[in-house]
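Per TrEMBL, the feature domain 'Major facilitator superfamily (MFS) profile' maps to 115-527. Positions annotated as transmembrane segment by TrEMBL: 240-259, 271-289, 338-359, 379-400, 412-433, 439-459, 471-495, 501-524.
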Amino acid sequence: MAKFAFRTDNICCLSHHTNYQSSIFTTSLRHRQLRVFSSKRRLNFRVSSSIKEKENVAESERVDGILTGLRVDELNQKDPVSASEGQLETEGRSEKVGFDWNWPPWKNLPQRYKLIGTTSLAFVICNMDKVNLSVAIIPMSHQFGWNSSTAGLVQSSFFWGYALSQLPGGWLAKTFGGSKVLEIGVLTWSLGTALVPSLAGFMPGLVLSRILVGIGEGVSPSAATDLIARSIPVEERSRAVSFVFGGLSVGSVMGLLLAPPLIQKFGWESVFYIFGLFGIAWFLGFKLVKEGQPSFGAASISGSQSVPKEKSWNTSLEELGGSLKDVPWKAFFQSQAVWAMIYVHFCGSWGHYTCLSWIPTYFSEELNLNLTEAAWVSVLPPLASIFVTGIAAQFADNLIANGVETTTVRKICQTIAFLSPATCMILSSLDLGLPPWEIVGILTAGLALSSFALSGLYCTHQDISPEYASILLGITNTVGAVPGIVGVALTGFLLDSTHSWSMSLFAPSIFFYLTGTIVWLVFASSKPQSFSKRD
């Protein structure tokens, strides 16, 4: 609140109608006029602004989330002016005076929507920094003389950090708050990305930089989940989750589209510098978005369960031992359903990560496409996945709403997610004399349909235990990161040994898709389980 007084000889004041709750200056001269106050007139103005979120205009005159103008209280105006002329009110009355700026377009959004938007943007940058190496690895291999085994080692190093940071990321987000962990994660992977060109000639340094990227990106899913739980009410949470994690597919598309022209015009180094700067810019911008955000405590979440507030480092470290003992680890690993989720997550990740890392090279070498063409067709699977995800979610929800058992729905969706890419990979592996673009179409369809897993496996954690869903996801996601380490590197080794894409890339994925389907159909269950009582 700022209060100031001034004396003028001739003060021109714009007056305007006061019939509205918030009067705004417009460009129309019909709604304003100039008045000259007496030189002896003394005016006191009190200027206040609110930066909280605008939740309910009808209940309050405070404007939340943004600074839309100034509130002017005229305290010592002795002579009232005609209300019919739309002038400022007399003593004791206050009126909203401001400027109706329409830019930026998100200015009037509630604060929680800004947080979700920026978090989704972080996931866009996340996958841009994940896929940039899958394109840049082609010119890098030519420059440094790497064979496929070495290229596979470089690409798999990302997953070393990614696997190691899953469970620690979940605990850090739970104890210190998702927004803090997300900020640190984005900054970590962005710095690691920007370091790649400087360390590319030194293999241990290059591997370390990619591990750093993996650590930063590994803590981000848990951080985003915690942020959503703390700031989004239950009735909006499903849409928030879809919007945030949908940024991953968008990031894959953008990364694969932007990388080739940048490499051709500025060199492969530019991809890492520019994408790294994107993350650093996000880090700085997110701090501005957080300003004015209420505490992420339970009070800020209407209609939802109470969520613990963020704790200090000292408090959290003191509670670490106790919180870990409270988790029913033994009961988790006595459940057949949990073991089914672990193995199926491993199988799905094998196909996903090996294709994500090697498909651009496969399109370039096996189908004789140039760098730009290979990257452009590599965009098709994640682009198609964006649409398939929405269809799969609606399909699953409709079945459950119509009375189909949840376990049956999850088994149907996961079976589609595994048998579709397996069938398409078998067709691509056979020598059927198909032209390159038909093979591209077949693989695109199969990989896109694998997104049905989001309505299968990835919902089962919440189905069987909402209380421990995040920890169960951390367990399965840790095992699911192993194919990124082993599978990506093994694909390069097999390619050097067999010189066959069918044997090195497709055959292992087909094996895991088929065995994963069998295990899922036999052992998977979405029935709620009381792990605490069992332990």
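Cβ atoms here come from the backbone N, Cα and C positions, even for glycine.
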Margin query: Give the nonlocal contacts of the transmembrane segment (501-524) in its own chain as ranges (CB under 8 Å, at least six residues past its ends).
Written below: 336-337, 339-341, 343-344, 346-348, 350-351, 354-355, 358, 362, 366, 407, 410-411, 414-415, 418-419, 421-422, 425-426, 428-429, 456-457, 460, 487, 490-492, 494-495
Check: Counting Cβ pairs under 8 Å that sit 6 or more residues apart, are there three or more between the transmembrane segment (471-495) and the transmembrane segment (338-359)?
Finding: yes
Check: Same chain, outside the transmembrane segment (379-400) by at least 6, Cβ under 8 Å from its Cβ: which residues?
Finding: 242, 246, 249-250, 252-253, 256-257, 355, 359, 406, 408-410, 412-413, 416, 440, 443-445, 447-452, 454-456, 459
Next item on the list: State the non-local partners of the transmembrane segment (271-289) in its own chain: residues 6+ outside its ends, Cβ under 8 Å from one of its Cβ atoms.
Entry: 114-115, 118, 121-122, 125, 128-129, 132, 135-136, 179, 182-183, 186-187, 189-191, 193-197, 255, 258-259, 262-263
Next item on the list: Quick one: average pLDDT across the domain 'Major facilitator superfamily (MFS) profile' (115-527), no decimals.
Entry: 84
